[in-house]
Each structure stands twice: as C-alpha cells, then as structure tokens.
Amino acid sequence: MRVPFNDKVWAGRSDDGEAGDTRRVFNQVTPFGSAVRVQHDAPVIVGFSSDEGVRRNQGRIGAAHAPMELRRVLAGLPAKTAMVALADAGDVVCDDGDLEAAQAELADVVSEVLAGGGRPLVLGGGHEVAWGTYSGLRLHQQREAENEATLLISRKLLIINFDAHFDLRQKRPANSGTPFDQIALDCAERGVPFNYACFGISDLSNTASLFAHAERLGVHYVFDVDMQETQLPQRLNELQKLLDAADDVYLTIDLDVLPAATAPGVSAPAALGVPLSVIEAMVLRVRASGKLRVADIAEYNPTLDQDRRTARVAARLAYRLL
C-alpha cells in the first residue's frame, strides 16, 4: 500500500529573529509525484514501512515504524545550503504480510523517482528493503533503455553494503536475510556481473555456510575488526578502487554494522561493530564519487531505541547522503 506525502511529520523549531540562515531541513521539503520532475540528482525521500522480512527472519519486529521517526529527526537538522530542495515521495507500507507486493511497489516508486530526475534515498524498514531498491533501479534501466542488454552489460553496477551480515541466505520465502542472494540470482539471469562489496562483516554473525556462499559469488568483504579508526585510510583506498571501476553505485546501510552503544535500536545489535566515524567517512566518499544512483538505510527499530540515539545516527548518515 502506498501512503502519500505527509507534511505534518516535517516540522521543527523556528529561529526567526536570529541573524543568518536559520532554516532547517523541514523548510526545504516538497512533495514528489510521478508527474513531477526535480532538479537533476536531487534527493528524494521514500519510506518503506516494513518489518515483515525481519519477522520471517526470526528477528525482533518494530522497524516498520522507522520511516516516520527518521523523518522527524532529520527535519530538525540545519538546512543544506547546497540543496535547493528535498522531495518526499511518501511511504510504501507492508501491513498485510505480502512482502513481495510491497517490494514490487517500492520498485515502482524508486523507478518513478529516477525517471523524474531524482536520486532516491529509501528509509527502511528491515533490510528486505534492499531487494525493492535494487529492483527499482533495474526497472528504471529497463524502461529507459532502447536496448536493455546493451545498457546493463555496458554499465557496471557496484553494490556497497555496510553490514555485519552478508544477507545472502538462500532460504525462501524472501526475508531480511535474503536480499543479496536474490540480487545475485537476478544478475545471473540477466547475464551481468554481481559486484557486491560488504564492509563490516562479523565472523560471529555469519555461519560457515554463508561465508562459503559469499566466496562462490565472489563477494568482496571486510571484517569489522579491520574497519576500526586506525585502518580508515586503508579502507578508503580500497573503497576508491571499487568506485573507480564502477559506473553506478547502489549504497545500502544496515545500522547493525555500528556498535551496540551507538546503535542500540536494531534487531541484532553488534558486540563490536564499526565506529560511526569510519562509516560516515566511507559514506561521504561514496557520495563524492558522483556515481551514487540509489541508497537506503535499513533496520532502525524505534521500539528498541534509547533516547533516540539510533535515530540520530541514522538521520546523520541520511543527511550526508542528501
């Protein structure tokens, strides 16, 4: 089910009377519709209100409430002077257990945003959001291309996932742990490379079977212990090489990649995790590449959060992607 733009969630304090630019993000938000074209590469928020994939994956539900809560926190951040406007395309809601239909609807919305000149930033929801986001990018490519095969083969898509988990489970029906296996199968069917890089992998959160599957698929991965602050220069160089070899980038951030003290509001908190400063620096590098086409932020669970700490972290990362 699609829920339209809600301007009431975009609200915050007013500093009228103070000198200088006192605007906040909520002052920059406008509604997005399929008939609307935005400034080229302008960010467009899309909500994916779903935790059905988390439920199927035996996780702790609550992430369906995340999109609205993240908007509330994002609304109060300082306006970005370089950003003319921020559009909001509303939410796709999965409230009937039909995850597959919700993912297909999300794909339609993502495709609409791309067709309108925008750059979708999808706020999940569980990490099942990834299949919907990716499908929307592929759908847009299909609709735009006169020759789909030529377009898909000639343009190299890099998928970057900041995550403690591979999310390469092969069990069906699909859930929050299967999206990148679904993507790998889709790439194989299309005859295009599966270029998947996963940063922040925990050796204690993935079975030997998952590591073996990742090896078979040629996944580029880095352990969480190798993504601490002293190793940031090395990781940035590694990331830059991946970016240089790509034409388009899909970035997905699972908040459980962060330490539990930083992001307590997730279904599976990390015992070690990757420092926020490292994730943020790498996100900024991706953003600066000029190749980012779509992005999403997944697994925020407001019902498990403490003092909105995780919400503030997620909003900070979203802000860097605007």
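From the backbone N, Cα and C atoms, a Cβ is placed for every residue, glycine too.
Taken from Swiss-Prot as is:
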| type | residues | note |
| --- | --- | --- |
| BINDING | H127, D163, D167, D254 | Mn(2+) 1 binding site |
| BINDING | D163, H165, D254, D256 | Mn(2+) 2 binding site |
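Annotated Mn(2+) 1 site H127, D163, D167, D254; additional same-chain residues within 8 Å of its Cβ mean position, judged by their own Cβ, are A130, N161, A164, H165, S176, G177, P179, F180, T252, D256, V257, A298, E299.
Each residue in H127, N161, F162, A164, D167, G200, S205, L255, V257, A268, A298, E299 lies on the same chain as D163, H165, D254, D256 and has a C-beta within 8 Å of the C-beta centroid of that Mn(2+) 2 site, without being one of the site residues. Look at D163 (Mn(2+) 1 binding site): DSSP puts it in coil. Other C-beta atoms found within 10 angstroms of the C-beta of D256 (Mn(2+) 2 binding site) number 29, with every protein chain shown included.
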